[in-house]
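So the structure is just underneath, and the comments pick up after that.
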Amino acid sequence: MKRKNFTEVSEFIFLGFSSFGKHQITLFVVFLTVYILTLVANIIIVTIICIDHHLHTPMYFFLSMLASSETVYTLVIVPRMLLSLIFHNQPISLAGCATQMFFFVILATNNCFLLTAMGYDRYVAICRPLRYTVIMSKGLCAQLVCGSFGIGLTMAVLHVTAMFNLPFCGTVVDHFFCDIYPVMKLSCIDTTINEIINYGVSSFVIFVPIGLIFISYVLVISSILQIASAEGRKKTFATCVSHLTVVIVHCGCASIAYLKPKSESSIEKDLVLSVTYTIITPLLNPVVYSLRNKEVKDALCRVVGRNIS
């Protein structure tokens, strides 16, 4: 069968929040504020964990890795979005779009599997406390972090290779960054294979972590219920609630965004979901999981007190 000739597309333009009209300046101020808070909070967490030896444990090692990943994650998406809110119709090259999607997929996948590693850490700490330091060795922690990044890299190569081998007819991306489905819609040809790849990858990235975390917490809850002291049960359970909150928000938004049927898709809902998992969730992590943590707050007080004195 003879291949059709397609006009070569060299750049895209984001439609973004153009439908919000006069509210775009308000959105810019809100998103900029959240962006700055996210960067500051995550940088504070990474810095405190690095310089305070009391926090040199597997749990806080994973926290620092998640905070670092979330920082880069926001840097990949938000600055370009803020630029588009002020200067409309700012183009992005095909290579720039591919690069943004590549790092977005790496970091989003990495975050999911880091949360899984943190769930395993909680399982070992609560269910196998006497062997915790032996099991959660530096070597295993490094392997879990490298494994998370490696899975993210593999998924990104799969996605970007499949996506940018497509011929594109349209140039206007009905979104605020190079997300998978909005870019796929611009293709001139049938994208069934790409949709199958996306569904398979998304299912793996979402359901494998959820499944492993679920198993971990079934075992954790059974151990918590065996604790004799009510105060002990409450304290142990509190350490798990923050992690579960982040997992539910992160994986919940991702599953709705990437696994919902086409018939249920709408531009407004997709924008709200995307804002949640690209802008709100990276701020939620440090607030819920770290800055409310007593050990982190104590470490912050020690660092501030040391600098003042």
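Cβ atoms are placed via backbone N, Cα and C, with glycine included.
Across the topological domain 'Extracellular' (1-25), mean pLDDT in this model comes to 71. Per Swiss-Prot, the feature topological domain 'Extracellular' maps to 1-25 (among others); the stated evidence is sequence analysis.
According to Swiss-Prot, the feature N-linked glycosylation site maps to N5, an assignment based on sequence analysis.
If you look up Swiss-Prot, you'll see 26-46 (among others) marked as transmembrane segment, on the strength of sequence analysis. Through the fold, the transmembrane segment (26-46) approaches residues 17, 20, 63-64, 67-68, 70-71, 74, 78-79, 81-82, 85-86, 275, 279-280, 282-283, 285-287, 290-291, 296, 300 of its own chain, all at least 6 residues removed from its boundaries and within a Cβ separation under 8 Å.
Residues of the same chain lying 6 or more positions beyond the ends of the topological domain 'Cytoplasmic' (47-54) and with a Cβ under 8 Å from any Cβ of it are 60-61, 63-64, 67, 295-296, 298-300, 302-303. What Swiss-Prot lists as topological domain 'Cytoplasmic' is 47-54 (among others), and the listing cites sequence analysis.
Annotated transmembrane segment per Swiss-Prot: 55-75 (among others), in sequence order, evidence recorded as sequence analysis.
Summarising the annotation, Swiss-Prot assigns topological domain 'Extracellular' to 76-99 (among others) and lists sequence analysis as the type of evidence. When DSSP labels each residue, the topological domain 'Extracellular' (76-99) comes out as 17 helix, 3 strand, 4 coil, counted as helix, strand and coil in that order.
In the three-state DSSP classification, C188 (disulfide bond) falls within coil. Annotated disulfide bond per Swiss-Prot: C97-C188, in sequence order.
Taken from Swiss-Prot, the feature transmembrane segment covers 100-120 (among others).
Outside the topological domain 'Cytoplasmic' (121-139), and at least 6 residues removed from its termini, the chain residues within Cβ reach (under 8 Å) are 58-59, 62, 216-217, 219-220, 223-224, 236, 239-240, 243. Positions annotated as topological domain 'Cytoplasmic' by Swiss-Prot, on the basis of sequence analysis: 121-139 (among others).
Beyond its flanks by at least six residues, the transmembrane segment (140-160) meets 58, 61-62, 65, 98, 101-103, 105-110, 113-114, 116-117, 120, 180, 197-198, 201, 204-205 of its own chain at Cβ-Cβ distances under 8 Å. The transmembrane segment annotation in Swiss-Prot covers 140-160 (among others).
Same-chain neighbours of the topological domain 'Extracellular' (161-196): 4, 6-7, 9, 11-17, 77, 80-81, 84, 92, 94, 97-98, 100-101, 104-105, 258, 265, 267, 270-271, 274, 278, counting only residues six or more beyond its ends whose CB sits under 8 Å from a CB of the stretch. According to Swiss-Prot, the feature topological domain 'Extracellular' maps to 161-196 (among others).
Under 8 Å from some Cβ of the transmembrane segment (197-216) lie the Cβ atoms of residues 108-109, 112-113, 115-116, 119-120, 122-123, 151, 155, 158-159, 162, 180-181, 184, 247, 251, 254-255, 258-259, all in the same chain and six or more residues away from its ends. The transmembrane segment annotation in Swiss-Prot covers 197-216 (among others).
Outside the topological domain 'Cytoplasmic' (217-236), and at least 6 residues removed from its termini, the chain residues within Cβ reach (under 8 Å) are 119, 122-123, 126-127, 244. The topological domain 'Cytoplasmic' feature in Swiss-Prot is assigned to 217-236 (among others).
Marked as transmembrane segment by Swiss-Prot: 237-257 (among others). Distant neighbours of the transmembrane segment (237-257): 108, 111-112, 115, 118-119, 122, 126, 202, 205-206, 209-210, 213, 217, 220, 224, 270, 273-274, 276-277, 281, 284-285, 288-289, 292-293; these residues of the same chain sit at least 6 beyond its ends, with a Cβ under 8 Å from one of its Cβ atoms.
For 258-270 (among others), the entry in Swiss-Prot reads topological domain 'Extracellular'.
If you look at the transmembrane segment (271-291), the same-chain residues 6 or more away from its ends with a CB under 8 A from one of its CBs are 17, 31, 34-35, 37-38, 41-42, 44-45, 63, 66-67, 70-71, 73-74, 77-78, 108, 175-177, 179, 242-243, 245-246, 249-250, 253-254, 256-257, 297. Residues or ranges marked as transmembrane segment in Swiss-Prot: 271-291 (among others).
For the topological domain 'Cytoplasmic' (217-236), the DSSP counts in helix, strand and coil order read 15 helix, 0 strand, 5 coil. Each of the disulfide-bonded residues C97, C188 was scored by how many other Cβ atoms lie within 10 Å of its Cβ, and the smallest score goes to C188. Through the fold, the transmembrane segment (55-75) approaches residues 35, 38-39, 42-43, 45-46, 48-49, 103-104, 107-108, 110-111, 114-115, 117-118, 121-122, 125, 136, 141, 144-145, 278-279, 282, 285-286, 289-290, 295-296, 299 of its own chain, all at least 6 residues removed from its boundaries and within a Cβ separation under 8 Å.
Residues 9-14, 16-18, 24-25, 27-28, 31-32, 35, 107, 160, 163-164, 173, 176-178, 183, 278-279 of the same chain, all 6+ positions outside the topological domain 'Extracellular' (76-99), place their C-beta atoms under 8 angstroms from a C-beta of that stretch. When the topological domain 'Cytoplasmic' (121-139) is classified with DSSP, helix, strand and coil residues number 16 helix, 0 strand, 3 coil. According to DSSP, the secondary structure content of the topological domain 'Extracellular' (161-196) in residues is 13 helix, 4 strand, 19 coil.
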